[in-house]
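J.: Quick one: the structure is below, and I'll ask about it shortly.
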Amino acid sequence: MVFPMIRKLCTGFVFLVLILQGCNGFYLPGSYMHTYSTGDEIYAKVNSLTSIETELPFGYYSLPYCKPKGGIKKSAENLGELLMGDQIDNSPYRFRMNVNESVYLCTTAPLSEQEVKLFKQRTRDMYQVNMILDNLPAMRFTNQNGVKIQWTGYPVGYTPPNSNDDYVINHLRFRVLIHEYEGAGVEIIGTGEEGMGVITEADNKKASGYEIVGFEVVPCSVKYDPDEMTKLHIYDNITSVNCPQELEKSQVIKEQERVSFTYEVEFVKSNIRWPSRWDAYLKMEGARVHWFSILNSLMVILFLAGIVFVIFLRTVRRDLTRYEELDKEAQAQMNEELAGWKLVVGDVFREPFHAKLLCVMIGDGVQITGMAVVTIVFAALGFMSPASRVPLTLLGGLLGTKAQPIQYPVRTNQIPREIPARKYPSWLLVLGAGTLPFGTLFIELFFILSSIWLGRFYYVFGFLLIVFMLLVVVCVEVSVVLTYMHLCFEDWMWWWKAFFASGSVAVYIFLYSINYLIFDLQSLSGPVSATLYLGYSLIMAIAVMLSTGTIGLLASFYFVHYLFSSVKID
């Protein structure tokens, strides 16, 4: 029953590959290459204001920033943006391809008490402005102790040491890296950010222009004369501004101050090509640590593989061989004398408690695992852009409706067998089993949490794919070993225990999240931020539990199915 389904999936995959063979290049929705001619207008977008101290996002226009001429327009949101708190809006920041200029935007009305309070609070909480140009986030560089560090976004303002005054960032110096493009024509299917671009060799037309391959920003605070600045109109040219070092020349945040916003842009030709433009954001550091994590996982797998080898090739196979060599009368006598897993043959497939809940959890686990596999594999192969999120639905429902019901190899007795008493609770062993899967991923978990809560990019999907495969192997081995142990103790209620044998790794992930909050995320402030962090961590732990528990239960089910299909008992 399983193999025809596998053949259908393989056929579909081969068909998809054959379709894509006709294309020279293929780009996922929202990530296609866009070329611009000299003078083409490009408008930057702004995302939510974010902070590593509070983890509470706020809309860009919650502060009195300059608004675009046509009003504020929100981009189409998807589920990923909602979960991450993203709120992408248009902005008045206009760029003209390959045109260097210094531009005036606007001057605010005198700041009210509430606006000053908000500016100061966002500044003290280290909020960052996240700007996007052609799907690339703005990047800035700072020097700390002689080390060059890159960040995405720029601060709302800053507070000098030993000062009670706060200063607003009101002048931005942009540096846009562009690459001159000459190649096959690009056909855009659809419109806007969700369009799809396909580059084909069949089109002999040549398209030339510039691609945006980098977006850097240097933030400044500059004090302007509001009377002079209000005489200007939006996008009027101004003289270039050097970032002042003196606080007297910077724009302080206080009541009745009128803040003028300006920016300047410089286009720089670069040898970076469009497919490699994310490399600057995604530089992989600490590769030795990732390899250490993988080697650590391999040691755990080899240890468990040895136990599974002993169970299968020595204990189980030996018992089955002896059992099959006996005649029926001797088998009946042997059933009365032997103990262990052979005695629960009439109860091993008995319906577990809360069977419907278990089915729902297994269904969710299959969906989460399938989504994780497809996403990680495509990301590791370089087919997925950080600029887009691709939802996967309905595949499980399609396969489930066509699947045949599973037939059990033995019949279930009407009266359940009594389970012998044990010296220690079986759940204690199940809970301890979660330490082994956790040992395969706890190092990689640190990098994942840092990318989520510290605003860092995570793109070492090659390592993540290896760790994920090792985690699957460990979950299978742990669940199979514990299921066999419970059956040997004549405990036929193995369903939930097989699920939580590998799913209990979620407990340790949540405890590690608390440890990360206390010792690594010290900048997080306030009970609301901590509650938000713990809530997201709990959701992540539950998702991991459903995925790993499903892997363990399915592996144990097929192990038990194989084991008792070899026992010929009426």
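Using the three backbone atoms N, Cα and C, a Cβ is placed for every residue, glycine included.
Pulled from TrEMBL, these are the listed features:
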type	residues	note
SIGNAL	1-25	signal peptide
TRANSMEM	291-313	transmembrane segment
TRANSMEM	427-453	transmembrane segment
TRANSMEM	459-482	transmembrane segment
TRANSMEM	494-518	transmembrane segment
TRANSMEM	538-564	transmembrane segment
J.: Between the transmembrane segment (459-482) and the stretches 427-453, 494-518, 538-564, work out which stretch tops the count of Cβ pairs under 8 Å.
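T.: The stretch with the most contacts is 427-453.
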J.: Using a Cβ cut-off of under 8 Å, list the residues of the same chain at least 6 residues beyond the transmembrane segment (427-453) that approach it.
T.: 52, 55, 286, 289-290, 292-293, 296-297, 300-301, 304, 460, 463-464, 467, 470-471, 474-475, 478-479, 482, 485, 497, 500-509, 512-513, 516, 520-521, 524, 533, 536, 548
J.: Report, as numbers and ranges, every residue of the chain located at least six residues beyond the transmembrane segment (538-564) whose Cβ falls under 8 Å of a Cβ in that stretch; write 'none' if there are none.
T.: 316, 341, 345, 348-349, 361-362, 364-366, 368-369, 372, 406, 408-410, 437, 471-472, 475-476, 478-480, 483-484, 487, 494-495, 498-507, 509-510, 513
